[in-house]
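As annotated by TrEMBL, repeat 'WD' applies to 114-141, 143-184, 185-217, 275-320.
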Amino acid sequence: MLLLRCQLKRALPQQVLCGSCAVMGKLQSKLKHSTYKYSRPDGIIEERIQTKAFQEYSPAHVDTVSVVAALNSDLCVSGGKDKAVVVYNWKTGNVVKRFRGHDREITKQIACVPKSNQFFSASRDRTVMMWDLHGSSQPRQQFSGHAMVVTGLAVSPDSSQLCTGSRDNTLLLWDVGTGRCVERASVSRNLVTHLCWVPREPYILQTSEDKTIRLWDSRGLQVAHIFPIKQHIQTYCEVSEDGHKCISCSSGFGGEGCEATLWDLRQTRNRICEYKGHFQTVASCVFLPRALALMPVIATSSHDCNVKIWNQDTGDVCLQF
């Protein structure tokens, strides 16, 4: 999702959004041409073309980068097909530390512990590893228990527990301190695509290839709620900072499916709004900070090569690029 935030920063008007971009290595200057559509308050849609210089650094990985996450305001963590986990300073482009321990590529899952120098990475080698920026380049803790690739990671609000999900239909709950699996849950055909821990709550949100969004109670790792089943694979989910809402997104093609859905996480747990307009699978979705816009907005990125910014309340597209 950090990459999505990076694209937003380059394309959005300054008054709508500002952010940071993950870059590294030797600095190069390039010109970037971008086209985006902007819905004005008066209803007129403008198409704008921007040409601006941007900074690009030499690669920190020798193969495809699978995931980037923010460790703090200055440092980013990335993982890729080269099996490496890299911490780098996006402001200077310097690699701070390189970690190795996985036997296969890093999946699209890195979870950072808030206000900490520790983070987790998941891999196709079926393990999750815990790293410490100020420790050795070897993993501080290893979590092995899944039978297939690990596709979901979520850290509890107090950082004492880790929940992992896999294509083996299983969720595992771990004690971070001991590395011991304390709970296991398995649901037939529940191929996990993403996990999110609800802020200040014992609940974990999960999306699946069985088109289902589940809310798990970490106290015993039981399903607390199942949202209405969608028509397509649910690819990603995120929870709002206040923990009151969540958003999920769907696979699809030709405009069939390809939507994001806003849900109420409180007592009713009803569907609030749907965001339709993409023409291929929606790969990710994010709540944008309220301070960055005049209205609550969300962002989605899709395999149709578009990023869309939506009015969270009305479902209208505010910006597309």
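Yeah, the Cβs are placed from backbone N, Cα and C, and that goes for glycine too.
Heads up, TrEMBL stuff is auto-annotated, nobody curated it.
Residues 151-157, 163-171, 223-227, 229-239, 241-243, 246, 248, 263, 265, 269 of the same chain, all 6+ positions outside the repeat 'WD' (185-217), place their C-beta atoms under 8 angstroms from a C-beta of that stretch. Within the chain, the repeat 'WD' (114-141) has long-range Cβ neighbours (under 8 A, six or more residues past its boundaries) at 69, 71, 75, 77, 79, 83, 85, 87, 96-107, 147-153, 155, 159, 162, 164, 166, 174, 176, 179. Counting residue by residue with DSSP, the repeat 'WD' (185-217) contains 0 helix, 19 strand, 14 coil. Residues of the same chain lying 6 or more positions beyond the ends of the repeat 'WD' (143-184) and with a Cβ under 8 Å from any Cβ of it are 107-114, 116, 118, 120, 122-124, 126-130, 190-197, 199-201, 204, 206, 216, 218, 220-221.
Taking the repeat 'WD' (143-184) as a whole, pLDDT averages 95 in the prediction.
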